[in-house]
């Protein structure tokens, strides 16, 4: 499995800012989108290009363009929506597929409640968006959905990932690539990442208590 912890200074600076528990909803949301853009930049670095000739200002010129890649971006509800605008700013022609899975707080297992995938997935690469890769259960369930629908290549983009979640996904889907701003220390007994970011969904949407 390809696992990329993006060490670019801008990425590390921004994820550091997001760890501040006193950060406003506005700032947290903006940083999530900015990191979505930066991480998507890394995740798409291996897209193939092809030469294309067009009329330049001084005559015909040959340039490079993406070689027919079709991409669907897959935000996992609801927190993944907080990274979507940033990714689409980089890949505006991408189709958006949406998956909803909610973690059972007792079993820590994902419970699906929504699935709306774009058509012709067998022709597309999929970029899954979720701020947190914790136990890996939600990601595994999402990958299962995408593979059943025929997605040809799948990558996951996360703000923070836990080693336990990475290993769980690796055991089931070793062909999937993971891109993250940080691999944190561990999960606690509730399945939350430490030191983590807190509840990313609540922080993005301003629904946290207090």
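Backbone N, Cα and C atoms are what each Cβ position is placed from, and that goes for glycine too.
Here's what Swiss-Prot has on this protein:
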- 78, 103, 130, 131, 132, 133, 134, 135, 136, 137, 138, 199: 5-phospho-alpha-D-ribose 1-diphosphate binding site (BINDING)
- 193, 198, 199, 200: uracil binding site (BINDING)
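Recorded residues residue 193 (uracil binding site) and residue 136 (5-phospho-alpha-D-ribose 1-diphosphate binding site) have their alpha carbons 11 Å apart, per Cα-Cα distance. Within 10 Å of residue 130 (5-phospho-alpha-D-ribose 1-diphosphate binding site), counting C-alpha to C-alpha distances, fall the following of the binding-site residues 198, 199, 200: 200. Rounded to a whole number, the distance between the Cα atoms of residue 200 (uracil binding site) and residue 78 (5-phospho-alpha-D-ribose 1-diphosphate binding site) is 10 Å. Taking the C-alpha atom of residue 200 (uracil binding site) as reference, the shortest distance to any of the binding-site residues 132, 134, 136, 138 belongs to 132. Neighbour density at the Cβ, taken as the number of other Cβ atoms within 10 Å, is lowest among the binding-site residues 136, 198 for 198. When the binding-site residues 132, 134, 136 are ranked by how far their Cα is from the Cα of residue 198 (uracil binding site), 132 comes first. The Cα of residue 199 (uracil binding site) lies closest to that of 132, out of the binding-site residues 132, 134, 136, 138. For the 5-phospho-alpha-D-ribose 1-diphosphate site, whose binding residues are given in the record as 78, 103, 130, 131, 132, 133, 134, 135, 136, 137, 138, 199, the maximum C-alpha distance rounds to 17 Å.
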